[in-house]
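According to TrEMBL, the features are:
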- 1-29: signal peptide (SIGNAL)
- 120: active site, proton donor (ACT_SITE)
- 261: active site (ACT_SITE)
- 354: active site, proton donor (ACT_SITE)
- 375: active site (ACT_SITE)
- 478: Ca(2+) binding site (BINDING)
- 518-559: region 'Disordered' (REGION)
């Protein structure tokens, strides 16, 4: 596609909406919505959907809300139950959490002849089980001796993840997108995987490795991340789909949306979770290239990865996670500007269409639907934590009103097939209960335990010593399953980590006596810098980098978005007739 000007003169309506959004309001609007009443409406939304899933769809993966029955979608795991489990606790329902833990232990079997998406199984099943495992004690589950380094949900998560490992056995370490849970990678399986399907494992797999002591999971996830980094273009961009055998880019569209999105997300979240400078520096390099080549007037377009020329002037609803990610690296001003653009699209339609043509200011043919995705709400939650701007609560209010008005049916909430005429589709994706409802609730519940600032915590005895949990700082995986970063330090079998912790505690207590608290300890030679470098990259633990074994490969598959390799080749988004 030809290059295009860096401003869109044909957007007077959007700019007017943005200006209106920035004008000071009056009365109730200025104070924002009634947080308590909207929180209770979100709670009611959850139970309307959840109870109908249990009544009409369980043990199938997902509810079909128009026909009041169920279907298997991503495997055969009772997926909605796994995905909704930690949301139950966030809403305070410990008894149902405990019941579901028992149901899952008895009823879910991964030893089945099913072709499963590596990506979806990881983020929804492995992520959901890990999160629920780490939250079990808070939910009043009678945890076994050795928890959090052992437990039934952890064993289930590990079993599911092991079923994915065969996909990583490729020459590049980049995984196939699909694996058979019984037989491994099918003969003749396509070697073309999307970028997100390769780079969205480090959060779950590193957590598994740290809890179980088996490094294979973190190793394959890191190898896959590094393979993508190595294959970026000369101008610093990655494309949309790559051949995992030859490392040749099949779809060369570069952007922040579908097919790429959670790769960038996991570089940041992996860096935070693991205090890993290398992952953060990778992201910051990508961030420069993304700003240079894809950003126009606080929108992000799709460009050719080698030339930087615009291939699609399109905003996709999946891209709405980006302002939240920007807030995590402290870039709040840019995040708010982009968020306001996305919010104007929501106001135009009462939802975010899958694709939105930015110069035309309207939906793209065949991509007019809104499957109740969470990304805009996710960004609102992060930005509200950072700014307390009541405009973000207004977005939450608009989302609740829209979903209740357009999407609510007798048996749950239905995907919106077309935002122009509000036709519905007979599907309720599991991410509606895992993410959309959770982020809405957390937006309206500032005192939720998830938002803990470290002022309260639990101390747990493990076989490896004392362990602090539930202090806050949760890292959400890309399916909104919160991982407690402190848990990664509970099960360390490496002596040097134990010694380092003992050094830290001794220093802390000696400083406490003298009332001196430096920003960062310097007990290791050469450790003088602050806990974050000027670029915002978290420092490594103890100045050491954990070595990665190179003997296995990484596995991943593409997001649940109809943005496949055929569709993305040469950027021919508008010609797809599926």
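Cβ from N, Cα, C; glycine included.
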Whole-number answer please: how many Å between the C-alpha atoms of residue 261 (active site) and residue 478 (Ca(2+) binding site)?
10
Cα distance, residue 354 (active site, proton donor) to residue 120 (active site, proton donor), nearest Å?
19
Do me a favour and check the Cα-Cα span between residue 375 (active site) and the residue listed as 'Ca(2+) binding site'; whole Å is fine.
10
In whole Å, how far does the CA atom of residue 478 (Ca(2+) binding site) lie from that of residue 354 (active site, proton donor)?
18
Near the Cβ of residue 375 (active site), how many other Cβ atoms are there if near means within 10 Å?
25
Other than its own, how many Cβ atoms are within 10 Å of the Cβ belonging to residue 261 (active site)?
27
